[in-house]
Amino acid sequence: MAELADVPDVPQKTSSTYPAEKVTGTHDFEMENYSTLDRRFGVGRSLKSTPFTVGGYSWMIQFFPNGHSFDYCSYYMSTASACVSLAGTPVAATLATTMPKTKYTLSLVGRDSQPSRLWRATSPIRTYGWPHPNSWGIKLHYRKPLLRLFGCLDGNRLKIRCELTVFVFTAPSTTKGTSLALLAPLPELHGHLERVLGDRRGADVTFHVAGAAFRAHKVMLATRSPVFDAELFGPMAKKDDVVDIANMEPAIFEMLLHFVYTDSLPAIFNGAGNDSTAAAQHLLVAADRYGMSCPPAAVSPLDWRRISERRWW
């Protein structure tokens, strides 16, 4: 344990402030050929928007045209479901919390580009991140034949607008008195999580990737990835705790697991050279596939510059 070094007298009275602010952003999720999608996407199937950033976090809209269960679906009356999901780790490394609180309004957008007053729903304040869910849903009740009549179909395009407010809480700052100086040890969380991944103790799901098997922990994967969250805990989750991964090499999936647990590349890929750059490219592709943001901090500066210059995305 670290020892105290020249600790001053503890002040008799101190005060601190806990500032909070809210950041609001708007994202439009537009779907072409809505009538075709409505027929092809049955109950429990969804469409996902591209990730967008509000309040230093990456978010995603998941829309179920015919609801997430058979309890909320009919041909004429649709209780469509939509989820606002945390799509990855905080974009801003200086954020003091990984459990953001939000409030959002989802509405259908008319041909005049204005949100409909008839079809809109507002959520209560929600908390994201373990032990809370990474996705919170809300229901949009509408009669399908009335969409065009009330101007909510522009040709055959349906647009959903998400007005998202993120409440950002920054670290408290002391304004009076003297703080106690401690020699704090360096954080060891990443090392602990890497050991958890290595010994597989408590693992409760198996992934089969091109003949190789990988054991992992559902709660860790679901916390880091909205795609894993839906696959492992959603209504379509398998009951046998075995997941087949297609179109991915075992070495890339192993690297992705390392990133999920430690937010960094394995040490073998930290050097310079074409192999390191290619590994970083594969990690970015895999992270994007599972709705995770892979910040430049996870990749060496040289590799990140090379990737940016190639503009492979």
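From the backbone N, Cα and C atoms, a Cβ is placed for every residue, glycine too.
Pulled from TrEMBL, these are the features on record:
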- 24-164: domain 'MATH' (DOMAIN)
- 203-265: domain 'BTB' (DOMAIN)
- 1-22: region 'Disordered' (REGION)
Taken over the domain 'MATH' (24-164), the model's mean pLDDT: 73
Within the domain 'BTB' (203-265), residues counted as helix, strand or coil by DSSP: 28 helix, 14 strand, 21 coil
